[in-house]
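Quick look at what Swiss-Prot annotates:
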{"type": "ACT_SITE", "residues": "CYS175", "note": "active site, acyl-thioester intermediate"}
{"type": "BINDING", "residues": "ARG72, GLY73, GLY74, LYS75, LEU76, THR77, TRP78, HIS79, ALA144, ILE145, GLY146, GLY157, PHE158, SER159", "note": "substrate binding site"}
{"type": "DOMAIN", "residues": "34-214", "note": "domain 'BPL/LPL catalytic'"}
{"type": "SITE", "residues": "LYS141", "note": "site 'Lowers pKa of active site Cys'"}
Amino acid sequence: MMLEFSEVRLAPNFVDYMQAWEMQQKLHDAVVEGQAPSTVLLLEHAAVYTAGKRTEDHERPFDGTPVIPVDRGGKLTWHGPGQLVGYPIIALADPHAIREYVATLEDILIAVLAQFGIKGERVDGRAGIWLLADAKGPTRKIAAIGIRVHNGVTMHGFSLNCDNDLAPYGQIIACGITDAGATTMELETGRNISPAQVLPHIIKEFSAREATLIGAPAHEAVVPARATEGATQ
């Protein structure tokens, strides 16, 4: 099966988190059963905080803002306008190669950033994509990754800061990290870069890696019926 892409909604028609979560669940079940192709959902959320399973109480919003618990690995993060979110629902070619899948997501994000003149990096021991300390500031995070794999099919995914407001990060300990901040593509380049502008580049990079990502329909693969949390946030 070929990898498909679904542009759910971008600004100004932001997607409620729970609506997107229901879409993920239904699509995941269909991919597991071989009733739908592997698909990447691409969208912008209405503002929301979500908490992975490792989130601690002291990391939650200081003002008591509600947080939605989710079944990915990782900790607390924010999604909202100006941030491109991708939920790849993919029957993996190798259902056990979780680290390799996360590395592929990192490669995709790094390649997209490079097309806008931004040098994204991996940082040992920390998930996501970073900009290393330079004249513009200390090491800072520009993209988060948080996944779950169940029955050989992925859920959740990545978020890439395009032109979003960073103020919401000031209300939380994002991703459990206290010694680094966040940034956006707009801040790094001095140009307005919206999720709509970035989306075609994401599709291009996923498509280039399609052959290594996608396996047989999950219901045909021999996969233990268990969930696996991946490196996140």
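Using N, Cα and C of the backbone, Cβ positions are placed for all residues, glycine too.
Rounded to a whole number, the C-alpha distance linking ARG72 (substrate binding site) with LYS141 (site 'Lowers pKa of active site Cys') is 19 angstrom. Along the domain 'BPL/LPL catalytic' (34-214), the predicted structure has mean pLDDT 89. Shown are the binding-site residues LEU76, ALA144; of these, the residue with the fewest other Cβ atoms within 10 Å is LEU76. If you take the Cα of TRP78 (substrate binding site) and the Cα of LYS141 (site 'Lowers pKa of active site Cys'), they are about 13 angstrom apart, rounded to a whole number. Using a 10 Å radius centred on the Cβ of ARG72 (substrate binding site) and all shown protein chains, the other Cβ atoms total 22.
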